[in-house]
């Protein structure tokens, strides 16, 4: 367990640098390429009438897009969160912040997260680690501190066993996660009835996971499947110990691909599902919505854009929205509810996955 506050801050900066400038993406794909939306040549709608708006966690979004929680806890992270907040305010989208543990243990870092509320009144999602409720004995007061820090509309609890076991300073005790059931229930009764999101960090959730998360009481699941950023790959660049590098290389492609994770979760869970992990454009978003997601979250492309300024973040997100609307036009969907009902086929590896796991 990390006890040194500065060590957490340094790790935050290392993660920003490595994700921005090194090849940290999976070699395998999200399997979204195995989904084909059925083209409607007689689409029968006016492109200019297409509406992408949704309501999520009590907030209206102009499109089903959230910038995933990525960072905080360092002065550079403060600038990134500022740029993202300005961009989502401009476009009417939502955002999350990175793990707030750094500010939980060091109040001096709170402003690297709270700055988002200086620039956006839109949906903001907090972020805490599931493992810390076990190893650090966190309780409802920690959740309330994280929520108050950024006036959060929802709170994500991230599950990252692979990242923890590869990190030299990782926490390895994920036993007794059902402790979260009592904590979430107590928080909603004693503090605020706020939505709780179970969030992966790149390895996806299985149907078995989804059943556990449902029983614990999570209102939403952010699948964050494999095919995007590999945190094992990040550690290959970060750590100096050769044995840890070797292990990170072995598990660099571990995880459930995003599309497969969505099907897994949707097979047993009827709450809100967020598609994420390697989302690289509006067509990916359209596919996720078509197979059952309520919205999508995007991370790495936005992190890279944010280093160039908030205007660059706007450009990337605008391109995603434009691509989403084109996909909707081509399947004849005037709004997101109609997109959820659009026809598609599943082929290749994803079809095989579904036949073995879900039939």
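Positions of Cβ are set from backbone N, Cα and C atoms, glycine also.
Binding of FMN is annotated in Swiss-Prot for 68, 69, 70, 71, 99, 199, 229, 278, 279, 280, 299, 300; the matching candidate from 127, 173, 253 at the same site is 127. Annotation for residue 100 (substrate binding site): same-chain Cβ neighbours under 8 Å, separated by at least 6 residues, are 72, 73, 113, 126, 127, 128, 146, 149, 150. Binding residues for substrate (11, 12, 99, 100, 101, 163) extend across at most 16 Å, taking the greatest CA-CA distance. A simple way to gauge crowding: the CB of residue 11 (substrate binding site) has 18 other CB atoms within 10 angstroms, across all the protein chains here.
According to DSSP, residue 199 (FMN binding site) sits within a strand segment.
Counting only the Cα atoms, the space from residue 99 (substrate binding site) to residue 70 (FMN binding site) is about 7 angstrom. Using CA atoms as reference points, the binding-site residues 68, 278, 300 were checked against residue 101 (substrate binding site), and the closest is 68.
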